[in-house]
Each structure stands twice: as C-alpha cells, then as structure tokens.
Amino acid sequence: MTTIEAKHDLVRGDNARRDDDAGAAFVLQSKGQWWHAGFHLTTAIVGPTILTLPYAFRGLGWGLGFFCLTVMGVVTFYSYYLMSKVLDHCEKSGRRHIRFRELAADVLGSGWMFYFVIFIQTAINTGVGVGAILLAGQSLEILYSNLSPHGPLKLYHFIAMVTVVMIVLSQLPSFHSLRHINLCSLLLSLGYSFLVFGACIHAGLLAKDHSTDYSLEPRKSARVFSAFTSISIIAAIFGNGILPEIQATLAPPATGKMVKGLFMCYGVICVTFYSVAVAGYWVFGNKSNSNILKSLMPDEGPSLAPTWVIGLAVICVLLQLFAIGLVYSQVAYEIMEKKSADVSQGMFSKRNLIPRLILRTIYMALCGFVAAMLPFFGDINGVVGAIGFIPLDFVLPMLLYNMTYKPPKSSFTYLLNMSIIVVFTGAGIMGAFSSIRKLILDANQFKLFSSEVVD
C-alpha cells in the first residue's frame, strides 16, 4: 500500500469514527445557515487591524497601496472560493472534512502536511488571541486615561480585566453558539469604520491649510523593506486560516452556502477597508500611526476629532475584540475537546463540563499572561502575515485545487494558480525578512510588562 493510499484510509477511518469525536460533535457542530458562515467569516477577517491600513499605505503610497489592497482582496476571495470548492468535492466523495489539517493531509497525501497545518494554525490562532487581549486592554486604557489622566492603573491591569471576561465568554461550548455574537461583531466593525472615516474627514477639513506629506522613504533599500512589510500587514489583515472550520459549522450539504457567506463578508470588506485606508492616509500621509486612532489622539495637543466620536469608536473596537478572540480560539478548543471529552456523556455533563472549564480557563489565562508580558506583540503582525497567513490563505488553497481538480497544465486556471503560489511565496519570504528586520530595529524599545505598547 502506498503512503497516499494509507493516508486516505486514515482520513476515511477518521470520518467513520466521527461519531466518537467530541471536537467535531461539541465544538464544530454542523447546524449553521449561510448567513451564520458570513458572520463568522466577517469576524475572522474584518477586525481592528483594519485601523493599520493607513500605516500600510505609508510604505506603499497611493497607487501601490490601492493596487495591493485590491489584489489582496481579489486573490483572497478567489482563494477562499477554491478552498470551498475543494471541501465540496471531498464531501460529495464521501469525505467531509471539518478541519484544515485533515483536508490538507487528505488531498496532498502527506502526513507531515497534517502537522504543518496544525503548527501554523496554532501559531496564528494563539497570536490573534494574544493580540486581541492586548488591543482590548489598550482600548480600556485609552478610555481610562481620558477619564482619569493620572489614575494609578497600568496596561497590565486592563489586560487582566479583559482576560477575566474572555475566560467567562470562552465557556460558550460551540463555534455555532457564537453566531449572535458574530452578528454583533459585524455591526461593530461597520460602526467603528464609519466613525473613524468621519473623524478623519473632520480632521482633514480642520487641517486644510496644512499640506500632507505622502512621500516614501528616501533610501531605496528602506523603501523596499517598508513596501514588503506593508504587503505582509495587508496579507495578515485579509488572512483567515480557519475557513474549513467555519464551513464545518454549516448544516450539510454545505455546497453553495459558503460562497453566499463569502459575498456577505466581502461586501463588508469593501465598505470598511477602503473607507478607513483612504480617509486615514489622506489626512496623515506618511505620519500615519500603526493605529489610526492614535493619530487622531496625538500625545501633544488637542484631539483631532470630537472626543465622543473617538470614545465610541474605541468602545466598538473593544467589544469586537472579544468576538475575534473567541473565533480564533475555536481550533484550540476543538483540539482540547477531541482529547479530553467523552461524546457519549453529553456536552453539558459533569464529565465534560469540568475539563472544558479548566482547559479553556488555562488557555485564556496563558494568552492574557503573554499579552501583559509582551506589550510589543503588535510588532509581530507583519511576521504573522508572512509566515502564517500567506501559506494558509495564498498558497495552500491553490495547491489543493490543482491537486483535487487536476486542471490541464496549459489551462488558464492552472497557470493562474501557480502564478499566485510563486508570487505570494516570494512576497512571504521577503515580508518575513523585512518584518523580522523591523523587530530587530525596535528591540531596544521592548520591555516586559511595560505600560507602553511599541508602535
């Protein structure tokens, strides 16, 4: 028996044993409709990281910035569409995959791919979880500092508060149970995007007598590094990495439902991404901060927008970060539950409830501890995009489609897919190099348990 045949038998055996799989039965319940998938996708992609887009444009300029943002949007939509097609094809063949790692191992016929995807997904999901807690703590600190400028509380106090709330919310048992939270998340993303857009227009009109500088780095080498860092940031913003798990929440058959969810998600993306990127870069140019809210609230001088607008935007960001942290924790919970729970005992039995409570509390507490210890975690955003999201969202889906549908090597689809693989592999390598370079340059600012987040 060949390695590929053995792997296919292993995956089929796994499907046959799914009735005994608590991770599938409890966390990845297949009960959702297409609009639920749209809610989950939007929460996974449209988050406060979009407030970094003016900063990403700062390394690219107007023309290249628009081009990269649009190309990334088109490519990721195409990528997620192809992955959904591959999942549908496997389902029709009697092999419904509800995990990214199973899909990659089955189609590519390689055992190491199974563990490669686990490693990348774990790095992304844990990183997003830590980042969500850090940003939520920072949002609370912003509100607190405006109400009590000389108050005694530090950043790590707010991170601890956020972690406690996340521990409570993490006890929601399944991905499907987040559907109402993720609907609120979608509305919140629209809310703070419109508020930031309005605040930037207001700031721009107030500063109409001052010219905005859109020039790039003067040295060519620095300009190249900045461009690839910006590309990695945009890739991370569009990244998902959990589409098979989201499609798993759909009631079978899932065919066609995911595409409707994608259209909903990308409708929100078009409204939010472009409004924030254009308004923010128009006002601040190459002075754009990595969080546009900081640009609107400079350390010196008055706020550039009404305080109530910025405060409401910060509250919307804070509330959405809880939903994002929950969504990206589901893969970790599914892995835990598969190993620790007994599906025959029932989801809310004492046998399964106690391990769930303990394991999820430990996971969230560890994420909170790392967020408090490393308040420069946001500086790793470009690295995560380069070595995490680019392989999962820009490379593997094209490869999986070519392996599954086997289009002729001379066909447009095959050539397009291979071109995307080559281009984004190169962009990922360069992006990782330039992002790591930035980490090294900023290293002297890194302080454990600091009250200042490194920009």
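In case you wondered, yes, glycine gets a Cβ from its N, Cα and C as well.
Record features, source TrEMBL:
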- 31-440: domain 'Amino acid transporter transmembrane' (DOMAIN)
- 37-57: transmembrane segment (TRANSMEM)
- 63-82: transmembrane segment (TRANSMEM)
- 103-135: transmembrane segment (TRANSMEM)
- 155-172: transmembrane segment (TRANSMEM)
- 184-205: transmembrane segment (TRANSMEM)
- 225-243: transmembrane segment (TRANSMEM)
- 263-284: transmembrane segment (TRANSMEM)
- 304-328: transmembrane segment (TRANSMEM)
- 357-377: transmembrane segment (TRANSMEM)
- 383-402: transmembrane segment (TRANSMEM)
- 414-436: transmembrane segment (TRANSMEM)
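Here the transmembrane segment (155-172) sits against the transmembrane segment (357-377); at least 3 CB pairs are under 8 Å, leaving out pairs fewer than 6 apart in sequence. Listed as Cβ neighbours of the transmembrane segment (263-284) (distance under 8 Å, sequence separation of 6 or more from its ends, same chain) are residues 34-35, 38, 41-42, 45-46, 50-51, 53-54, 56-58, 62, 65, 69, 73, 77, 186, 189-190, 193-194, 196-197, 200-201, 203-204, 207, 212, 214, 237-238, 292, 295.
The stretch in closest packing with the transmembrane segment (37-57), judged by the count of Cβ pairs under 8 Å and taken from 184-205, 225-243, 304-328, 414-436, is 225-243. Below 8 A, the CB atoms of the transmembrane segment (225-243) and the transmembrane segment (357-377) form no more than two pairs separated by six or more positions in the chain, fewer than 3 in all. Tallying C-beta pairs under 8 angstroms between the transmembrane segment (383-402) and each of 184-205, 304-328, 357-377, 414-436 places 414-436 first.
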